[in-house]
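Participant: Here's the feature list from TrEMBL:
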- 20-33: compositional bias 'Low complexity' (COMPBIAS)
- 63-73: compositional bias 'Low complexity' (COMPBIAS)
- 87-118: compositional bias 'Low complexity' (COMPBIAS)
- 134-143: compositional bias 'Low complexity' (COMPBIAS)
- 174-582: domain 'Amino acid transporter transmembrane' (DOMAIN)
- 1-143: region 'Disordered' (REGION)
- 205-227: transmembrane segment (TRANSMEM)
- 264-286: transmembrane segment (TRANSMEM)
- 324-345: transmembrane segment (TRANSMEM)
- 414-434: transmembrane segment (TRANSMEM)
- 459-480: transmembrane segment (TRANSMEM)
- 501-522: transmembrane segment (TRANSMEM)
- 528-549: transmembrane segment (TRANSMEM)
- 561-587: transmembrane segment (TRANSMEM)
Amino acid sequence: MEDVLGVSSTPMTPRPASRTQTPPISSSPMTTPKAASRALTPPISAPITPNTASRAPTPPISAPITPSTASRAPTPPISAPMTPKRPSSSKASTPPIIISAPPSQLHSPSLSRSPLPSTADIEPANTTKTSKNTTPRIRTPRFITPLGSPIRRALKLTTFDPQDAWLPITQSRNGNALYAAFHCLSSGIGIQALVLPVAFTVLGWAWGIISLSVAFIWQLYTLYMLIQLHESSELGIRYSRYLQLATAAFGEKLSKWIALFPVYYLSAGTCVALVIIGGSTSKIFFQIVCGETCTAKPLTTVEWYLVFTCGAIVLSQLPNLNSIAGVSLIGAITAVGYCTIIWVVSVAKGRLPGVSYNPLRSPKEIDRIFDVLNAIGIVVFAFRGHNLILEIQATMPSSEKHPSRVPMWKGAKYAYLLIAVCLFPLAIGGYWAYGQLIPKNGGMLTALYAYHRRDASQFLLGLTSLFVIVNAVSSFQIYAMPMFDEMESQFTKRMKKPCPWWLRAILRTVFGYVVFFVAVAIPSTGSIAGLIGGITLPVTFAYPCFMWLKIKKPEEYGKIWFLNWGLGVIGVALGAALVAASLFVIFDQNTKFEFFKPQ
């Protein structure tokens, strides 16, 4: 006890109170008191606790005393003064006692607010700097404060990557339900909807509508599961990227094999398709605006691809996913606009002469099977964007009381309601108007220009082309964001600092021109639509089912257990069949077009 309290072990003999001089103290040496902040210890026969610096020295008494606390009244005078003892150099001084509230009394952490208050914000009772047992400062960054209950789920704290604050997807967490709806609309409606009637030419009326309806309900179910899996209240983790959730469910090695390539292929492949449709539509828009009497020399198709790519690169310099919410809003408005204009004009003009609705049949059995599978791949490709759902939800603030899944699901529901309103009339009305005459490359957009160029309003045709171009540029930004995030993460992991603006500009510019090169090499939109749909089908339709089984662990042999297992297995098998069918169709059509010569 004397080592801790710093008091003398030699008993003190009190002198009579009538004496006026200080009585001699036992053999313990006298020392000169230090600063007022040092505690004074009386040499008494029983150990006592030193008082704080703010209290006056306690007079001696003739009997052992009980140490007092800061809230008690001063001790009455005693017969001998207190003699402070200089602490030994080999023994550390007693650290200050800091009383703080337990974690259960602190406010619940939120990603949109400050983390738990640190001890540095609480004024300590003693300012001694030599103490080594002081409560450490909490250094949890604001943007990665973990979810959890007030007691932090039995102190199971999760390790977060502080580099998330430097990356484009998670740099800003100020999103809301409206932003989520804008992003979902911009990524969910696009050029893939224009080729839906092409699938109907092979599937026919009945199977075409059935396939489209089943695919919509299926992808809506997996969308709901992804939103619910984004955050784990038990572990306090937010999976801000699709690959992070896949790693948590399947393990790091397996997730790289089954999810890494499809996710990045979906992002980059969609950007390639956007360059193709955007460049081709820019050429058509120029011809409509210039008119038949225009003497200006038009650009080639490759040059229009380059013009579109340059515009997309300029817009891609916006720093993060939240900063392109306005761009996604414009993209969503233009997507709904041109889808509505195309199917309304096509239906209003009536069916073309000689339209047939008999499904196309190839002479060979193997060709017919692959044609059907490729048509299903086109339908699947129409429902894209699941690889971006977790990234979109990562832009929202989240806490235990206000989880991000609530506003995210609210925004996604309304967004996909509008998507259904656009896709179903476009597919059904387009097939009714054009039947087997619809072009395979370009789908509804090419058919509108080919069959109604003279009898339709030039203003509507030009407005439709402009909407397609703007939507393609807007969608390019959100689909390229996972690629930008991955490129910048490689820099931040090695350099341990944010990516500078000039390097970010260089990386995004290089990515844009690589996409342009691939777009020139593979000019057929209809061919790559089925291939992209086949490769990415598990990402949308199969993997979320297995993730739910692995993470949520529903009741074995229950309804949800059987449903997810069935959908997951069917999705994986169907995806493999679609890839094979699409590759067969692409190689079979190789004699009809050449690489690096876009039409």
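From the backbone N, Cα and C atoms, a Cβ is placed for every residue, glycine too.
Nobody curates TrEMBL annotations by hand; they come from automatic prediction.
Note that the structure is a prediction, hence the values are computed from the model and not measured.
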Participant: The transmembrane segment (324-345) vs the transmembrane segment (264-286): three or more C-beta pairs under 8 Å (separation of 6 or more)?
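Facilitator: Not in contact, no.
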Participant: When each of 205-227, 264-286, 459-480 is checked against the transmembrane segment (561-587) for Cβ pairs under 8 Å, which one has the most?
Facilitator: 205-227
Participant: Count the CB pairs under 8 A between the transmembrane segment (459-480) and each of 205-227, 264-286, 414-434, then give me the winner.
Facilitator: 264-286
Participant: Check the transmembrane segment (501-522) against each of 205-227, 264-286, 414-434 and return whichever range has the most CB pairs under 8 Å.
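Facilitator: Looking at each of 205-227, 264-286, 414-434 in turn, the most contacts to the transmembrane segment (501-522) are made by 264-286.
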